[in-house]
Amino acid sequence: MTHWIAGEWVAGTGEKLESHTPYSHELLWQGYSASGEQVDAAVKAARRAFLDWKKRPFAEREQKVLAFAELVKANSEQIAQVIAKETGKPLWETRTEAASIAGKIAISIRAYHERTGETVREAAGNQLVLRHRPLGVMAVFGPYNFPGHLPNGHIVPALLAGNTVVFKPSEQTPWTGEVLMQLWQQAGLPAGVINLVQGSKETGIALAQSRGIDGLLFTGSANTGHLLHRQFAGQPDKMLALEMGGNNPMVISEHYGDLDATVYTIIQSAFISSGQRCTCVRRLYVPQGTKGDALLDKLVSVTAKLRIDQPFAEPAPFMGPLVSEAAAQAILKAQADLQALGGKSLLEARALHAAFITPAIIDVTAIERLPDDEYFGPLLQVVRYQTLAQAVELANDTRFGLSAGLVSTDDGEWDYFVEHIRAGIVNRNRQLTGASGDAPFGGPGASGNLRPSAFYAADYCAYPMASMEGDTTLLPATLSPGVEL
């Protein structure tokens, strides 16, 4: 059974859907996509359940979420193995993701109270009350790179606020979505409070176009997110929150400090998860001169020796395959395109078996108009620069704005960088691929429109209701002009 609708597991009636390991082609999961009628049934089930769920005390909603958290902890190894098999990420990495699913729940509960709870104050003889009310039925679209951690960063705040949910995982990771839905089922959520619909483009279109949803929380590619943005134009009654990618720059100062620490920071920023994190560094700005040369020599040498293997290999690999052979071919094509434009490969990516490729480092300094694209994989573009001001100007030359970083021991350089850079996540001497669940996640421009993750997700799962209240009506000593009683 493929879909969880109105408290029942049902088979899909749409096109066939399969999930294979990206490292061995082993069949992991198969089923049939949700048809438009089944998506509609899921939305209607969520609408019916909303009427009761929103009225339940917060403590009861919280108890269901905490029960889910305990189930995640008890099944964390199974979750980690499923994610590793579907995505190809090393097991050590997916174990971290499984732990983060439960860990983020505590943040979401605290955020509910601090950002969307209820406050009361007195002013001029009036009682001023701020309450928050759920939006209604929320559609949640999950990505493939963090198929457990990221969608639950939307699902949990939505449920805590009193919304009901229709969840569509990535078509690349349906098994992970099903495993997590089984845990929500075991947590005892009432029928229809959360629903699962599996499928690819047609299923997603049907869900996004449904008149029955009140909001949509999306994590994924800029291309899909921009289509959703156009689709939602003219519908101010629906909340749309988009988390998308970036063409993220990291500037290496001449004052970068320890060589090995800097190289390690770059590798962690560019090649972790095989470059399949939205915050990964895509453009590396390196100073002209001997210090920049030494850095690049060491970076290329270390990157060429990175261990690449399947998720369960011993010794453990740093990188696994990409999520699919199509994704791997896209990176190889991007490399060829950049070479054709005048880029010089310092380390050329090579196709291995299945969806494995080796990482690429390419000097694109000579390219006059560098394509402003997010290459979602292990491809790092290097640009040599003369001054920090020039590097920052080049770094800002993008329609995206998700993350950016500076590696420098000079406080003055950091002050200049943080004042002039345009990005939502800006790190100093730290990898770009780490983010705090307590902090806003997202960026301006083509990287998204809101910050609907973790602590700040609460803001987009409920609307504020402001009230001025009194026990009785009041008759003022002086009436408004033109009124006689």
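Cβ from N, Cα, C; glycine included.
Summarising the annotation, Swiss-Prot assigns active site to Glu243, Cys278 and lists sequence analysis as the type of evidence. According to Swiss-Prot, the NAD(+) binding site annotation covers Gly220, Ser221, Ala222, Asn223, Thr224, Gly225, on the basis of sequence analysis.
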Under 8 Å by Cβ from Gly220 (NAD(+) binding site), counting only residues of that chain that are 6 or more apart: Phe141, Pro143, Ser170, Glu243, Met244
Cβ-Cβ neighbours of Thr224 (NAD(+) binding site) (radius 10 Å): 18
Which listed residue (Ala222, Cys278) has most other Cβ within 10 Å, given these are recorded positions: Cys278
Thr224 (NAD(+) binding site) in three-state DSSP notation: helix
Where Glu243 (active site) sits in the secondary structure, as DSSP reduces it to three classes: strand
Cβ atoms near Gly225 (NAD(+) binding site) (within 10 Å, other residues, all chains): 22
Cβ-Cβ distance under 8 Å to Ser221 (NAD(+) binding site), same chain, at least six residues away: Met244, Gly245, Glu374, Phe376
Asn223 (NAD(+) binding site), number of other Cβ atoms within 10 Å: 11
Length of the line joining the Cα atoms of Cys278 (active site) and Ala222 (NAD(+) binding site), in Å: 10
Shell of the NAD(+) site beyond Gly220, Ser221, Ala222, Asn223, Thr224, Gly225, same chain only (C-beta within 8 angstroms of their C-beta centre): Phe218, His226, Leu227, Met244, Gly245
Helix, strand or coil at Cys278 (active site) [DSSP, three-state]: coil
